[in-house]
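For reference, the structure discussed in these notes is given below.
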């Protein structure tokens with residue numbers, strides 16, 4: 001009898017403590033923003049726009065908006081986020097944010113951008129897996145475009161940046177934690193995708209902006225960005241390339257890097273192996289001609305970006321990572337200034353047919 | 001299952017319960033390169049102490065540390081064990097507080113501290129009250145449930161690895177040995193409870209060595225996962241770097257996309273076992289030292305858990321927790337040196353005494 005009582009009391013305790021209902025609002029009383037836009041307002045305030053899907057009630061017909069746009073302003077990003085919470089009738093839960101779009105006017109100030117990224121990283125609510133993107137458009141325009149064309153399905157936005165099935169190989173993706181890492185890293189810079197609101201599609205991919213310690217140093221086109229992705233070992237599978245007299249599809253890509261350090265002069269031998277499938281060609285064009293042309297084009301493209309990057313001391317390809325074990329750690333912080341301008345890259349493309 | 005195997009499991013659980021929070025952060029502040037050297041140095045020093053400890057204990061089969069000290073004299077027992085109890089109480093308080101902070105930052109962001117603390121203390125005290133047998137048995141269960149989860153979490157983090165981040169691999173000088181932070185680092189060890197469990201079974205060094213190897217692997221993974229993901233330059237700026245590293249993992253097609261929650265939940269299991277063992281040690285020490293007939297071991301455990309709870313509740317801020325946790329870990333280092341050596345000396349002296357007595 002006594003034993004039964006004990007068990008009963010314990011069970012009661014567990015009931016009270018393990019219900020998991022502390023200050024929790026149910027899912028129907030929560031707003032879950034999926035996309036957040038950040039911009040600088042005219043009076044130097046932060047303007048934060050959130051796109052919040054409205055769940056459809058059962059029995060409701062298709063008509064009516066499926067998501068809405070909420071905007072608020074504040075002296076800092078966090079206060080603007082707080083404003084949205086205050087003004088919202090339901091609890092706002094930022095833990096499902098998938099994409100954060102930053103308007104171009106905010107990226108001009110290096111200090112502010114750094115601060116913003118640090119805040120996003122430290123925030124307990126916003127997941128550090130969320131993707132970052134930059135837009136030239138007005139945030140509201142972009143978000144309402146998402147709203148009109150996608151509505152509740154705005155998760156597909158995330159798929160836009162996520163590698164995996166159906167991913168276009170020229171798109172770069174930059175989750176918050178990777179951008180944060182590049183703010184501190186001695187030897188690696190990062191590219192952030194630039195998107196505009198499209199006419200027919202939701203987003204229009206405009207290439208990428210190169211971020212060096214929180215400062216944008218260079219813009220690169222989608223085609224060029226693909227090369228950078230290749231160096232980060234993201235596959236270029238499915239990429240369609242036009243070489244003038246033919247168009248080919250890349251079916252497999254691998255890259256091998258060998259590094260040498262000679263009297264403080266870094267040297268990289270880079271070998272890109274592409275396997276291609278010829279989709280169409282003009283008459284009388286041999287395989288060899290296509291191969292040579294593609295090799296030449298890709299090499300030219302690479303040296304074009306590399307020269308530009310070297311001029312602005314930005315290591316977008318992450319070559320510095322390969323030299324980390326060849327330069328003493330205390331000297332690594334001089335990689336961008338001292339070693340990188342002297343870096344020579346021997347880039348070879350080897351194309352083979354499927 | 002044999003007691004020896006259970007003790008091996010507990011040994012591993014105690015270590016892993018300690019090393020997920022501040023331990024990697026300390027390493028990153030201590031050195032920029034060659035992190036494995038620091039981990040290995042600390043591990044080898046601990047292994048030496050463990051060897052001495054087991055050697056000392058082997059002079060007294062079937063007895064635990066408290067019996068040994070009581071044999072050597074009540075005064076010695078008081079001088080060594082009462083401060084030990086105080087430091088253990090502090091360690092329990094700040095360890096639980098630290099894990100509360102982890103839990104809140106990972107998945108209970110709106111909950112205040114005290115309900116989480118109450119819950120943790122309630123479970124911990126309950127387990128400790130049931131005695132060593134229950135702790136050992138439950139630790140087997142928790143071990144078998146949690147270790148696969150942890151392995152999964154570690155494997156899933158592989159997708160974010162950049163192997164270059166861990167280079168340079170070598171660290172030429174050993175100047176970190178003289179730093180204060182290395183001293184704190186030594187405090188992240190949990191071999192002292194072995195001496196209190198020694199009455200259950202005879203401990204052999206070879207067996208503990210196997211457990212130590214597992215522990216070293218866990219230490220290295222805790223340090224190298226954040227390092228591979230963030231790189232030394234960024235990881236230095238991140239508190240709780242291991243947990244941060246895991247939350248960067250995004251496997252969307254997988255049903256369990258919230259790896260951080262998995263990690264935090266498994267840590268709760270380990271923390272509860274760790275603190276239950278410490279509380280049980282306190283109860284045993286107090287009960288054996290002060291032989292008031294009416295006071296049962298369980299009363300002592302309840303009293304000290306309440307004291308620890310009050311300590312944990314009235315910590316004003318995060319920086320306090322970190323500081324105090326480090327201090328209580330530092331205090332542990334003192335006992336880690338004193339207790340093994342004194343048992344060895346006791347054993348040596350008493351053996352010689354016995355020999356000469358038998359001769360005479």
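Going from the start of the chain as shown, residues are counted 1 onward.
Quick reminder: no glycine exception, Cβ is built from N, Cα and C everywhere.
Because the structure is a prediction, the values reported are computed rather than measured.
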Listed range which TrEMBL flags as transmembrane segment, given the options B:181-199, B:238-256: B:181-199
Range among B:7-23, B:58-74 that TrEMBL annotates as transmembrane segment: B:7-23
For the transmembrane segment (B:298-318), sequence-distant contacts whose Cβ falls under 8 Å of one of its Cβ atoms, 6 or more beyond its ends: 85, 89-90, 92-94, 96-97, 100-101, 113-114, 117-118, 121, 124-125, 128-129, 279-280, 282-283, 286-287, 324
For the transmembrane segment (B:261-286), sequence-distant contacts whose Cβ falls under 8 Å of one of its Cβ atoms, 6 or more beyond its ends: 10, 13-14, 16-18, 20, 64, 66, 81, 84-85, 88-89, 91-92, 95-96, 99, 102-103, 106-107, 120, 123-125, 127-128, 131-132, 135, 138-139, 142, 145-146, 149-150, 152-153, 190, 192-193, 196, 242-243, 246, 297-298, 300-301, 304-305, 308
